[in-house]
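Colleague: After the structure tokens below, expect a handful of questions from me.
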Amino acid sequence: HLLQFGDLIDKIAGRSGFWYYGFYGCYCGLGGRGRPQDATDRCCFVHDCCYGKVTGCDPKKDIYTYSEENGAIVCGGDNPCKKEICECDRDAAICFRDNLDTYDNKYWLFPNKYCKEESEPC
């Protein structure tokens, strides 16, 4: 669920998911096309690809379960599809955290007109 994704970003990367990543580069936020602009935008590209592989549930709407164990997010529940969504979200949040030092404000509110190149395959 997108709100849960935002919560995981807050927990793992320590930043507001919607504010920092909702409108970043060519892939963070709704849609996505072109070439990822930097490592953070690539996190979103990989996240989009991960969602694209999920079948049997809706990554943007379905609610999943997770827990925090020794500082780590552990995806759980009986539904393998929802667990997969959680893993996509967790991995993207970890990617954001790992690339905080290269987050570039010039890609925040990045105009779509600069995202016209052909998208690379997942």
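Note that Cβ sites are derived from N, Cα and C of the backbone, with glycine treated the same way.
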Colleague: Starting from the Ca(2+) binding annotation in Swiss-Prot that includes Tyr27, Gly29, Gly31, which of Asp7, Asp10, Asp48 is the extra site residue?
Modeller: Asp48
Colleague: Taking Cys86 as one end of a disulfide recorded in Swiss-Prot, give the other end from among Cys57, Cys75, Cys95, Cys115.
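Modeller: Recorded disulfide partner of Cys86 in Swiss-Prot: Cys75.
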Colleague: Of the listed cysteines Cys44, Cys49, Cys50, which one does Swiss-Prot record as disulfide-linked to Cys28?
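Modeller: Out of the candidates Cys44, Cys49, Cys50, the one Swiss-Prot links to Cys28 is Cys44.
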Colleague: Could you tell me which of Cys95, Cys115, Cys122 is bonded to Cys43 by a disulfide, according to Swiss-Prot?
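Modeller: Cross-referencing Swiss-Prot, the cysteine bonded to Cys43 turns out to be Cys95.
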Colleague: With reference to Swiss-Prot, specify which of the listed residues Cys115, Cys122 is paired with Cys26 by a disulfide.
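Modeller: Candidates were Cys115, Cys122; Swiss-Prot matches Cys26 with Cys115.
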Colleague: Work through the disulfide-bonded residues one by one (Cys75, Cys95, Cys122) and name whichever has its CA nearest to the CA of Asp48 (Ca(2+) binding site).
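Modeller: Of all the candidates listed, Cys122 is nearest in space.
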Colleague: With Cys43 (disulfide bond) as the reference Cα, tell me which of the binding-site residues Tyr27, Gly29, Gly31 is the closest one.
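Modeller: Of all the candidates listed, Tyr27 is nearest in space.
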Colleague: Can you list the residues of the same chain, besides Tyr27, Gly29, Gly31, Asp48, whose Cβ falls within 8 Å of the Ca(2+) site's Cβ centroid?
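Modeller: Residues close to the Ca(2+) site, other than Tyr27, Gly29, Gly31, Asp48: Cys26, Cys28, Leu30, Gly32, Arg33, Cys44, Phe45.
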